[in-house]
Amino acid sequence: MNDITAIKVIFIFVMFVSAGIAGAVPIFSKSFRDNKKLISTGNCFAAGIFLLVGIVHLLRDSQEAFVEAIGEDLPIGYVVSLGGYTLILFIENVMFNHNHDMDEHDHHDHNHEIKEEPKNNESNNENLTKVENNLAIVITSGNVITNKDADVDSDPNTGEIVSVSHKENKNLPGIILTVALVVHSIFEGIAGGLLNSKTSVISVCVAILIHNVPAAVALGIKLENATRKLSILLMLLFITSSPLGMAIGISLSDLQFPIIKAIFLSISAGTFLYIGCTEIIAEEMHKKEYKYLKFFGFLLGFVPLAFASIFIKD
């Protein structure tokens, strides 16, 4: 086992442990979860690394691998990278339409207050409410909602409806986020497993480790209302996805099929560009808090590595 492979194997175990700890953070440490300054700055730092590694290492290496595989200098690597970006964009925003926002409880308030109407206006069916045989019926603008598909609070004395909360599948948000995270975590890991220089491997692995913290925290929050067995299963899927991708990348790097390596390098490059630009920077900079600190974190992520890529040869 050479030095680069040894580094990859070490990071496989570190990724598994760190993601597992981060996933438990929302349960055991609310103060850390609420430390948005630290998490957002670290996320932007990881974005800088993702962008630099995606453009300087993965994109270049993928194009070189395609040239080696087909014997012609065609921009196939760049095109396939765009395909990788489009794939993750489709999965995360079209197929599942999810977000990684950790302010979960602020975005899922579906309570609809039912205002008490004067008795002489009940005939207009604007807001008629009643409880009969423990079955709550709410008629709002012609739509009938019962407590079979809503949580209904009623006055115990009068039986009048006080509020209605539409029921949602409490497991679905966690499942959606897990699928999206697993897909791009596998490609992150594959990228780390395919790279052949110590600097690029360490850079990718550090970026994955940092990015996995807010991702695991967000997933832990999503799973707060899910069943315990499902929560454990989904968290295990997430924390094993990056190490699994790394193992796949190591296996692919030993194959004598440069076209396979080229394809996965290109898709991983597109994944890194999506994570850095669209997922992290766009979402973090959309929030008004700590913009200068987050921008400094972003610069700190890629500027030192940019100089290292130019002046340090592996």
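Note: Cβ is positioned from N, Cα and C throughout, glycine not excepted.
Under the heading compositional bias 'Basic and acidic residues', TrEMBL lists 102-120. According to TrEMBL, the feature region 'Disordered' maps to 102-126. According to TrEMBL, the transmembrane segment annotation covers 6-26, 38-56, 76-96, 175-195, 201-221, 233-253, 259-281, 293-312.
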Item to check | Residues from the same chain, set at least six apart from the ends of the transmembrane segment (38-56), whose C-beta lies under 8 A from its own | outcome: 32, 102, 191, 200, 203-204, 206-207, 210-211, 213-214, 217, 268-273, 275-277, 280-281, 284, 287, 289-290, 293-303, 305-306, 309
Item to check | Highest-contact recorded stretch vs the transmembrane segment (175-195), from 6-26, 76-96, 233-253, 259-281, 293-312, CB pairs under 8 Å | outcome: 233-253
Item to check | Two-stretch contact, the transmembrane segment (233-253) and the transmembrane segment (293-312), at least three Cβ pairs under 8 Å | outcome: no
Checklist entry - Short question: which residues 6 or more past the ends of the transmembrane segment (6-26) have a Cβ under 8 Å from it? => result 32-33, 189, 192-193, 198, 201-202, 205, 208-209, 212-217, 219-221, 224, 235, 238-240, 242-243, 246-247, 249-250
Checklist entry - Other than its close neighbours in sequence, what residues sit by the transmembrane segment (201-221), given a CB gap under 8 Å and a spacing of at least six beyond its ends? => result 4, 7-8, 11, 14-15, 18-20, 22-27, 32-33, 39-40, 42-43, 45-46, 49-50, 52-53, 57, 100-102, 104, 174, 177-178, 181, 185, 188-189, 191-192, 195, 234-235, 238-239, 242, 275, 280, 301, 305
Checklist entry - Counting only residues 6+ away from its ends, which parts of the chain sit with a Cβ under 8 Å from the transmembrane segment (259-281)? => result 43-44, 46-48, 50-51, 53-55, 58-59, 61-62, 65-66, 68-70, 76-78, 80-89, 92, 100, 184, 187-188, 190-191, 194, 211, 249, 252-253, 298
